[in-house]
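Here the structure comes first, spelled out in structure tokens, and everything after it is commentary.
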Amino acid sequence: MEAKTIAMSLDSNRSLIFPTYPRSSFVPTSRFSRLPLKRACIDVDGFRGSALTRWNPIVSNRRRLVPVRATNSEGSPGLEKVKEYEEWDSWTAKFSGGANIPFLMLQLPQIILNAQNLLAGNDTALSAVPWLGMLTGLLGNLSLLSYFAKKREKEAAIVQTLGVISTHVVLSQLTVAGAMPMPFFVATSAVVTLGIILNALFYFGKLSTTLWRLWEDFITVGGLSVLPQVMWSTFVPLVPNSILPGTTAFVIAVAAVFMARTGKLPEEGVKFVESLSGWTATLMFMWMPVSQMWTNFLSPDNIKGLSPITMLLSMMGNGLMLPRALFIRDLMWFTGSIWATLFYGYGNILCLYMSNCTSKSFFAASTIGLISWIGLALWRDSAAHGHNSPFRSLKELVFGS
């Protein structure tokens, strides 16, 4: 009896074939070598190939998808595109994971210096480290950790986890030196411990949906409360020192979360509220270069205290995550990464160069390296997705496919 084949299209480059056979055409014994075979055709971008398919009645009593490989005497450009896509997928994940190195190197010198000052009894030296700014960065890392854990982006989640842990180590040193109030550190430690445990449980599928939503609501309210306060505090003393921005944002955030969870918002409104934690964390990091440049503007002499190597490491860490954010079409991730790369890392390198605080060769190497890396990311992404222009990738990133 003739077998039939049914084709299922996965995307523009790949297809799957699964065969269907009448039950009577199978031998109901363990002699699998006699299972019927039929050559099935596969179409990949207009090129046809063939493959043998087999239905195993012991494995399943229903039809099952059988992946097949297309072959062609002249080669298959369609499969080459699939291979290029998968290779770039793998490389972007490795680049994202590799961002751990420069980001970790950013904190290690500070941790070592703090330890040396503590051992030497020079506790006052740690007062130069702003614990409030470190705390803001830690909350941003924690929010982004939840965002990437939800998206199953393992490498990016690890980057944020290391950011949380390294920043918490610095805060513990500041607390020992008396630069950070103990009650704030205890509360921060409790939130950090709880956050890491909940994110790990959620990533491995061991956490209930109810608990995860409660955690998401918590970081949403926290992020929305902290962001306006940090932005306001940047311009003190030009503006009055007040907690009104943070308090107002806290009330609005609680109301928004309550309405979303009680069904008082439309579906679009609920999705918007759910995305706020990730965006507020991104905006926190995006505000860091604004704050730094504002400080440079008010006190140009302070720029001499910036380290060109530190700015280069920041540019490299954020730049390494650009290809992955572009590849998976994550606008929020890409926005935060490109902003930090250009305005925090490279922007401060430019300020250092204009203030004669770094060499011309260092500035030129940083500029050429940055332009080359962004160009490579756009070119490889467009090639992996089968586009003729890198602007098509950017269009899909912003507006969708």
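Note that Cβ sites are derived from N, Cα and C of the backbone, with glycine treated the same way.
Just so you know, TrEMBL annotations never went through curation; they're auto-generated.
As annotated in TrEMBL, transmembrane segment covers the listed stretch 302-321 rather than the other ranges in 102-121, 222-241, 302-321. With a threshold of 8 Å between CB atoms, the same-chain residues lying at least 6 positions outside the transmembrane segment (182-205) that come near it are 131, 135, 138, 142, 145-146, 149-150, 152, 154, 157, 161, 164-165, 168, 171-172, 174-175, 211-212, 215, 219. Scored on C-beta pairs under 8 angstroms, the neighbour of the transmembrane segment (302-321) with the top count among 128-149, 156-176, 272-290, 361-379 is 361-379.
Counted as Cβ pairs under 8 Å, contacts with the transmembrane segment (128-149) are highest for 156-176 among 156-176, 272-290, 333-355, 361-379. Same-chain neighbours of the transmembrane segment (272-290): 136-137, 139-144, 146-147, 216, 219-220, 223-224, 226-227, 230-231, 234, 253, 256-257, 259-260, 265, 332-333, 335-336, 339-340, 343-344, 347-348, counting only residues six or more beyond its ends whose CB sits under 8 Å from a CB of the stretch.
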